[in-house]
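K.L.:
Quick paste from Swiss-Prot:
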SIGNAL    1-22  signal peptide
TOPO_DOM  23-335  topological domain 'Extracellular'
CARBOHYD  34  N-linked glycosylation site
CARBOHYD  56  N-linked glycosylation site
CARBOHYD  109  N-linked glycosylation site
CARBOHYD  115  N-linked glycosylation site
CARBOHYD  132  N-linked glycosylation site
CARBOHYD  182  N-linked glycosylation site
CARBOHYD  208  N-linked glycosylation site
DOMAIN    279-325  domain 'EGF-like 2'
CARBOHYD  293  N-linked glycosylation site
CARBOHYD  318  N-linked glycosylation site
TRANSMEM  336-356  transmembrane segment
TOPO_DOM  357-738  topological domain 'Cytoplasmic'
MOD_RES   483  phosphotyrosine
ACT_SITE  535  active site, proton acceptor
MOD_RES   582  phosphotyrosine
């Protein structure tokens, strides 16, 4: 007996769970493929509403069908979604009928929903849908055009594509397409010269003139179409509420005689089942549509078909807002109002003070940034950039905050190097790109002019062997320049310093010399305004990961007007690389860079520093060192043993002679950088005969020594030299290394 009772309880529980799902009758399939069925629909015997065969579906190969139309969705909200194929007509090249088909359907007790449109594709065509097969009771649209326009993509406006709403209520329909009679000039929708007509749910078709729609000729391809369904033959007045399940509501159908059911508010499920509408627990559901709206001063209590908010002690429910409020104690209410009003007033005052302070701080910061901008030469930069001719560089203005973040607050661990014109930091921008940030020395106003000059010069340069300027920041106490990051240090580091590389072959060094010479030739001759670098040295030549040379540090550079060959300036440069003629006269020209390049070329050949006080007195300067070695025919003694071999001796000798020619005492005797670049390039790619002289007069050698000896002698006892030349003070940075 107990076993029988347990069995009955189990059956009751299973039946109740099945009804809670609100989908189908017990023991009936709930799905066909991916489509979920709901009563009154079904496809197994006894699973659909027996009084109406329209609810009898068929499931074939996991696909659900209704009267030959594939069903993709069923809803107990009285709608069925099916796939309806397109009708079409195709014409041959003479405009004659080639093939085509159209479709008609008897929907039984189901009717076409008003949420569909009739659509036509193709020029000079029209489509219609009829409820009885005759055109006089049809709804359609016309598509007229001479040729398809891609400008109409995305919308059916009557040009190549048209659409028209379809009224609800039809249960027997035919869909057809036609072409205007005697029109053979039609530009078709695709290569097949076909026109199409089809029903489609609103918003489910997007027109594109470039698409090929020939796939619509496949009977198994269709567009979603919405059908309305109801229980036919009786109205709610005739059947009463008993025909809908418990907690269900009956509504008359809008299309013909019939009715539909829906669950009352607070219930959900299938209203066509006796116990299909189940209570919604608003207190626990995660569905935001049904979830309760009780305030934090109350707790939610679920009721059948609704819920109730229970207020805490000393609170009562406001039925208008469904929120809890303090109970009507005048003293309590007054005290609460006073505290609340005082708190709000205090917060408003604090907020106002905070806003005023924030605004004042922003104003002060803006004024300070503007002050720094002017102090750092921002106005001068804008004026010079506007008057310097066309710019090849898009100079980006960085913010002070951005520079702090990029350098981690100018952390010492980010310092890449320090020189006469400031400190260089490694920076990381928000996009994770690595840059080099050059910061002028604090309190050195002379650096401002050099920074502005560097921006001005680099704005005129667009060359692969020049370090690229990305932008600047002038709203800080000292100006900042932002460059591309070159990862492998300087040429000085590789030849003499911490990054000394014994594998720096002759091919590497010759290529670097060609790149540096080509860059200087570009600056002198090909830039929009001729540029003299004025501080060429191995410490200002950067190398990337491929050992490609990049000329850097244009702080001392000068733009030379087109109508001038020389420019009188304060003498500036690095001892060991400084042109003796420029040092003595104060007149700067492109031959000054030629001299400095000759010194760099000698360093590449010998691996020796430009100035070395460990060498003999007469050879402290590398120019004297080379001159004496050339004169005494012992050049092989000073060439770096890492580069010379029996296969490249002639090339190295030619390169050495080029270096000596570049360092002649007077500029007139030196070649131009174009000639130097051409000769070095010839050494690199061919074995052509060298055009430089093979012998050097003894008098010229003496001139080399005399000019260099003066610089060396003056530089042995002082870190800086004061020289009164044409009433200008010359300041020379003595940097044997950097």
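Yeah, the Cβs are placed from backbone N, Cα and C, and that goes for glycine too.
How about a rundown of where these features are and what they're close to?
P.N.:
Following the DSSP three-state reduction, the secondary structure of residue 34 (N-linked glycosylation site) is coil.
Reduced to three states, the DSSP call for residue 56 (N-linked glycosylation site) is strand. Summarising the environment of residue 56 (N-linked glycosylation site), the number of other Cβ atoms within 10 Å of its Cβ, over all protein chains shown, is 19.
There are 17 other Cβ atoms within 10 Å of the Cβ belonging to residue 109 (N-linked glycosylation site).
The DSSP secondary structure for residue 115 (N-linked glycosylation site) is coil. Around residue 115 (N-linked glycosylation site), the same-chain residues six or more apart in sequence whose CB sits under 8 Å from its CB are 201, 202, 226, listed in sequence order.
Secondary structure from DSSP puts residue 208 (N-linked glycosylation site) in coil.
According to DSSP, residue 293 (N-linked glycosylation site) sits in a coil region rather than a helix or strand. Residue environment of residue 293 (N-linked glycosylation site) contains 11 other Cβ atoms, counted within 10 Å of its Cβ in all protein chains.
The secondary structure of residue 318 (N-linked glycosylation site), as reduced to three states from DSSP, is extended strand. Residues within less than 8 Å, Cβ to Cβ, of residue 318 (N-linked glycosylation site) and separated from it by at least 6 positions along the same chain comprise 324, 325.
Counting only same-chain residues 6+ beyond the ends of the transmembrane segment (336-356), those with a CB under 8 A from a CB of the stretch are 326.
For the recorded site, residue 483 (phosphotyrosine), the DSSP three-state label reads strand.
Residue 535 (active site, proton acceptor) has a Cβ environment of 25 other Cβ atoms inside 10 Å.
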K.L.:
So if I draw a 10 Å sphere around the Cβ of residue 208 (N-linked glycosylation site), how many other Cβ atoms end up inside it?
P.N.:
13
K.L.:
Please work out the mean pLDDT for the residues of the domain 'EGF-like 2' (279-325).
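P.N.:
Value for the domain 'EGF-like 2' (279-325), mean pLDDT as a whole number: 85.
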K.L.:
Determine, to the nearest whole angstrom, how far the Cα atom of residue 293 (N-linked glycosylation site) is from the Cα atom of residue 109 (N-linked glycosylation site).
P.N.:
42
K.L.:
If you compare CA-to-CA distances from residue 208 (N-linked glycosylation site) to each of the recorded positions 34, 56, 109, 483, 582, which comes out shortest?
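P.N.:
Nearest candidate: 34.
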K.L.:
Report the nearest neighbour of residue 483 (phosphotyrosine) in space among the recorded positions 34, 56, 109, 535, 582, comparing Cα positions.
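P.N.:
Nearest in space to residue 483 (phosphotyrosine), counting only the recorded positions, is 535.
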K.L.:
How big is the gap, in Å, between the Cα of residue 582 (phosphotyrosine) and that of residue 535 (active site, proton acceptor), rounded to a whole number?
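P.N.:
Distance (Cα to Cα, whole Å): 12 Å.
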